[in-house]
Amino acid sequence: MPKDTSISSILVIGSGPIIIGQAAEFDYSGTQGCIALKEEGYRVILVNSNPATIMTDEAFADEIYFEPLTAESLTAIIKKERPDGLLANLGGQTALNLAVELEETGVLKEHGVKLLGTSVETIQKGEDREKFRSLMNELKQPVPESEIVDNEADALHFAESIGFPVIIRPAYTLGGKGGGIAPDKEAFTAMIKQALLASPINQCLVEKSIAGFKEIEYEVMRDSNNTCITVCNMENIDPVGVHTGDSIVVAPSQTLTDEDYQMLRTASLTIISALDVVGGCNIQFALDPFSKQYYVIEVNPRVSRSSALASKATGYPIAKMAAKLAVGYTLDELKNPLTGSTYASFEPALDYVIVKFPRWPFDKFKNADRKLGTKMKATGEVMAIERNLEAAIQKAAASLELKNIGTHLPELSGLSIDTLWDLAITPDDRRFFVVMELLSRSVSIDDIHEKTKIDPFFLHTFDNIIKLENRLMEAGSDLSFELLKKAKEKGFSDATIASLISKTEEEVRALRKEMGITPSFKIVDTCAAEFDAKTNYFYSTYFGETDGDISRKEKKRALIIGSGPIRIGQGVEFDYSAVHGVLTLQELGFETIMINNNPETVSTDYEIADRLYFEPMTTEHIVNVAEQENIDFAIVQFGGQTAINAAEALEKAGITLLGTSFQTLDVLEDRDQFYQLLDELGLKHAKGEIAYTKEEAASKASEIGYPVLIRPSYVIGGMGMIIVDSQAQLSQLLNDEDSMPYPILIDQYVSGKEVEIDLISDGEEVFIPTYTEHIERAGVHSGDSFAILPGPSITSGLQQGMKDAAQKIARKLSFKGIMNIQFVIDNGNILVLEVNPRASRTVPVVSKVMGVPMIPLATRLLAGASLKDLNPAVQNHHGVAVKFPVFSSHAIQDVDVKLGPEMKSTGEGMCVAYDSNSALKKIYTRVWSQKGSIYLQNVPEDVKELAENAGFTIHEGTFASWMEQEGNSLHINLSGSEEARKERLEAMTHGIPVFTEEETVRAFLQSGSGHPQPVSLKDLYKKEVASCTQ
């Protein structure tokens, strides 16, 4: 069936800012989908408020709207753009919920918009717990004993009738938001309130707990001809009870018999056919490990986190195919681009094993509740590919960028057996490492299985690693060829082996190469070598010979180092930079080699770089790839702190770094050298010192004068930063040795206006598209600040002063490429706060708002062009953008959103308008439309007057009485007290927006005069182009 020619324009709904449960995987799926639609000649209208994404670039859509993802906003865009079709199954839960709302309110019918792909009826059958259960009963597909409830009384009555523990699953939510396992009545009573609040239709499923069953997922595709295939099946190492996003996942499944596999495959195909899904669908099962009894847990009638994982695990482009199916194609009409010969109706086959390992934010949030359950808490994930499970597990662990040594966390070595058992039975993010610690202490596999319900197969796999560790320690420096080869085959890194035999990583590498033990590189081809595949997708292993032909061509080869897993401080914006670096290098005639390990991202789409290597971002693996490819140079400016941290080791390995030498990086990261540089250039900065001991820290803080800012070096996202107001507070902080990784930096804290610039330089001149002004004072991390660009109060004199400072720094360092500089304006004085010699998280924002392709320009400068050659210019526009932070308070409990120098937001959004008040008002559309009650604490009197003048009602009673009433719009709480923290957390758990900074409050209240209307990026630009003189 050919494509649908009755439609010519399609509205695509994106997933919005990154939050836990809905992250970079939707940029990958959305980008694939937009590319697929553009290939077919459709006009694509994209609505997505996330500026950090690839999909919101001009190349992927004809009109791009950074607008609130609300039904009201989409209705206005539909009236303006008059699309023929709407595609909602690429934008996660956000897009699905909006599609249902637009259908139910009659907007789609009124404006003649056809919902493409999966119908609203199908969405409701998958998402509405009552309709889902009814359909499963019709199909005779077993579901756990359950009850659909819409009030607390009915919920409690049912829970008590079936007995605790029970699982609570809210309808129309993602990442298990609002749900969980309630072990008893007390926990249930608290959880059911939050669960009903979390569901947009106030509906929950309360079901008998089947925690401890195996959790199995099938990723399935279906077309309009009812042709169905399973793309991939996956097995969670953690049993049912831990959200799949928080579980280590293996593909293909490892412990199912063929009968089990076929039984669940048949059930998957039955379900997707009955749902009438057109596109991709994820189906989750619970399987009794002691029988053939299974239950259907959940169906996601859309592309999902698991879809992205399945796509990267198999090489099958699920989102791209889903978009093509949505416009009428069938699976037997579409070719798999990875093989070039098989059709999309051909089920992938794997001759390797993949492991997905979640990445949690608890290295930043040490006091948060890290226990795992049915509510997802991971911010991102890594994926590893290997020929055996032991090696895949070890590669995945090496990809996490934690303080682990192989499969061990040093912090666990001092814990008692009883404490380790507690952590294993009631799991948190360290569970895998806890199990490895138990095994290393000779605890039996049977005991661990009995208490954790982890399948013995996986535990034996883990124990194989421990046994090989013991053999390596016994051998010591007398390491045989056979033992070293075995260790490498099982995934032991050079660094881990070095730690076991008391040698350096360099010594192990030299010994390995001397023995002729080097990796081979195998291809991912979707067909297990059954067909001749033209693939460029590789992974390393120590089995067999290298696949494919990578013989040297005439082109120079560039290695681009990616940014690894999504975590707070290093999000999808760095993938944006890496992808544009690759595309520009290709335009310039280079062969591009991408190394990364994040299955959610566009950069790990095999169609982006000339060759893709899915590998840990460690020195060993990066150097292995560089040697295999015989690269000419590497670029570390586009991969965030991950790539920057690899710079020294890469230079030592003889790899040329383009644009940024390690010496330059060291000058900017080491505070002593940095301040010496600024002093030499005559640039003002806050007073700062380095302290190597507790006593030195106390002495230097007193010398500088309070308040001071304390932080470690070489970090991103402000990790470990804190503002200290007094000697007493410092003493308390210094007594906590774990929080102070010496040496530490102690800077004078200056509370002024913060401004940042993203610039490009050829080593002589600099080009600055705009000056981004933070709304909050300095001291609030730039990633957590609201920011306006172009900055409205940055005078021409201040602009010139900042440009002069930037030019002095770039010339002194002979810096080429892209750089971010943060300034504080204090009583008219310009102080240099920080210089980041890499692409920053604001690069995508600046690029899109100002119409300047920052990364392509920076890449050309790295390749040898001058600014004079490029003559960059900003597009003349008559609008403004406001960037705003987004926090995942629904997932990470006990983390206060009181802003400070350590970043806490998981993502960012952006709204554009013709004035700043209108842009700001869009961010809080629902608050302004409601204009309900506000609770104020510790605010100036005139703020109260501003709120009343804006039409809000001020609650004069206690916080407790305010929380008992309905119609609450906003909690404004500027206090730093413990009571205030608890109040903020309670407000957030009820979905009430919270402001913690006076500057944000004032900007918000002033925005009431704005007049929001849909504004696309193209609407902002005029036809003529103006040269940038900043």
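Just so you know, glycine gets a Cβ as well, placed from its N, Cα and C.
Computed from a predicted structure; not experimentally measured.
The Mg(2+) 1 binding site annotation in Swiss-Prot covers Q284, E298 and rests on sequence analysis. Annotated Mg(2+) 2 binding site per Swiss-Prot: E298, N300, in sequence order, evidence recorded as sequence analysis. Residues or ranges marked as ATP 2 binding site in Swiss-Prot: R711, Q748, V750, E754, G779, V780, H781, S782, Q822, E834. According to Swiss-Prot, the Mn(2+) 4 binding site annotation covers E834, N836. The domain 'MGS-like' feature in Swiss-Prot is assigned to 925-1027; the stated evidence is sequence analysis. Per Swiss-Prot, region 'Carboxyphosphate synthetic domain' is recorded for 1-401. As annotated by Swiss-Prot, region 'Oligomerization domain' applies to 402-548. What Swiss-Prot records for 549-928 is region 'Carbamoyl phosphate synthetic domain'. The annotation region 'Allosteric domain' is assigned in Swiss-Prot to 929-1030 on the grounds of sequence analysis.
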Listed binding-site residues among N300, R711, V750, G779, H781, Q822 whose Cα sits within 10 Å of Q284 (Mg(2+) 1 binding site): N300
Using DSSP, tally how many residues of the domain 'MGS-like' (925-1027) sit in helix, strand and coil. 49 helix, 23 strand, 31 coil
Roughly how many Å separate the Cα of V750 (ATP 2 binding site) from that of E298 (Mg(2+) 1 binding site), to the nearest whole number? 52
Whole-number Å value of the largest CA-CA distance among R711, Q748, V750, E754, G779, V780, H781, S782, Q822, E834, listed as ATP 2-binding: 18
Return the member of E298, N300, E834, N836 nearest to G779 (ATP 2 binding site) in space, with distance defined Cα to Cα and candidates limited to these binding-site residues. E834
Where among the binding-site residues R711, H781 do you find the Cβ with the fewest other Cβ atoms within 10 Å? R711
Of E298, R711, Q822, the binding-site residues lying within 10 angstroms (C-alpha) of E834 (Mn(2+) 4 binding site) are Q822
Those binding-site residues, out of E298, N300, R711, H781, that come within 10 angstroms of N836 (Mn(2+) 4 binding site) at the Cα: none
Excluding its own, the Cβ atoms lying within 10 Å of the Cβ of N836 (Mn(2+) 4 binding site) add up to 23
Please identify, among the binding-site residues R711, H781, Q822, the one with the smallest Cα-Cα distance to E298 (Mg(2+) 1 binding site). H781
Cβ neighbour count within 10 Å of G779 (ATP 2 binding site): 20
Determine, to the nearest whole angstrom, how far the Cα atom of H781 (ATP 2 binding site) is from the Cα atom of N300 (Mg(2+) 2 binding site). 36
In the region 'Oligomerization domain' (402-548), how many residues does DSSP put in helix, strand and coil? 77 helix, 13 strand, 57 coil
Distant-in-sequence Cβ neighbours of Q822 (ATP 2 binding site), under 8 Å, six or more positions away: E754, V755, E756, S782, V832, L833, E834, V835, N836
